[in-house]
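A.B. asks: I'd like to ask you about the structure that follows.
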Ligand SMILES: C[S@@+](CC[C@H](N)C(=O)[O-])C[C@H]1O[C@@H](n2cnc3c(N)ncnc32)[C@H](O)[C@@H]1O
């Protein structure tokens, strides 16, 4: 950010670790400049006059999903995050961004990785904090031996994890692997995408719900694209039927199972589809009361054309990348949409990444 003034950083790894690069920016400047990211993205798309809500703030120490990188260098294990614009792993001993229960695992994980023969040079450890404990997925660059698996089991027991997995293969399930995502109780697959913070997720959900058209009935249909494990689906189901599309088979299975558990299978249809290769067509979208989309970092790409060519008049776009949002919001403007509401969410505190929810309506 553009500030010359600085404040002391809260983390000892600041300046070396590639995460949280804005820790030394004074709060008022940080908040103003980050909100400006959304102002600029929408202005770039031609919506210079869009009304933008105050930014929803998310505190440090609340991140519940962390993907640590690991390297073995001359026998020693480095565990942490990549240095800025580098593949080097910065070995960390603390992470004030993460929930304390995640930060407390850093030391023990380093010891565990050191014992695993299947960890040769590089690997990663993804941690999701679920409702009843931590869910850990370890990715190695070599074959895990029986001894490695025993180390993982012992580690999970010692640390009281609900599950430990090798990639997407559970090695031990030791507790209830569930997460309430606003109405649906899901069992996320190992390493599942979750919104990084509970507060950020709640803010996104609230902005999406506030952006729905007013005249919904229980028969109305909402098309949800990039639905993941159903983070938004449960809340949407309270208002309308939902047709959910998602590219991960495992996430679809988790969402379907959660819908069965909640007794709402008659109101939601889940389809596993790669929306980059086979976007939902304008014909399939026809008659939907709204499209809610939460695409990956690069945006929705070819899916946008079908949305614009459809007769859908309300589009709620959840974005984690202001550049992709600027590009795709411009297409929506060219397709006849205006901005009804825009909410920035500081889902990635102390970084330059901004989450936002923008509600578009087709102009008469
Ligand atoms: C930002 S996440 C949002 C997930 C969900 N809405 C949530 O809030 O948890 C993006 C989702 O898009 C899915 N995805 C990525 N590429 C995709 C593709 N080409 N087709 C369909 N889904 C895709 C990912 O698996 C992920 O679940």
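Every residue, even glycine, has its Cβ placed from backbone N, Cα and C.
Just so you know, TrEMBL annotations never went through curation; they're auto-generated.
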A.B. asks: What does TrEMBL list, out of 195, 239, as binding the same S-adenosyl-L-methionine as 226, 246, 294?
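C.D. replies: So the S-adenosyl-L-methionine site in TrEMBL includes 226, 246, 294 plus, from the candidates 195, 239, 195.
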A.B. asks: Look up residue 294 (S-adenosyl-L-methionine binding site) in the DSSP assignment and reduce it to helix, strand or coil.
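C.D. replies: Assignment for residue 294 (S-adenosyl-L-methionine binding site) reads coil.
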A.B. asks: Among all the protein chains here, how many other CB atoms are within 10 A of the CB of residue 226 (S-adenosyl-L-methionine binding site)?
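C.D. replies: By my count, 21.
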A.B. asks: Within 10 Å of the Cβ of residue 246 (S-adenosyl-L-methionine binding site), how many other Cβ atoms can you find? Include all protein chains, please.
C.D. replies: 27
A.B. asks: Taking residue 320 (active site, nucleophile) as the reference, which of 226, 246, 294 (the binding-site residues) have a CA within 10 A of its CA?
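C.D. replies: Taking 226, 246, 294 one by one, the ones whose Cα falls within 10 Å of residue 320 (active site, nucleophile) are 294.
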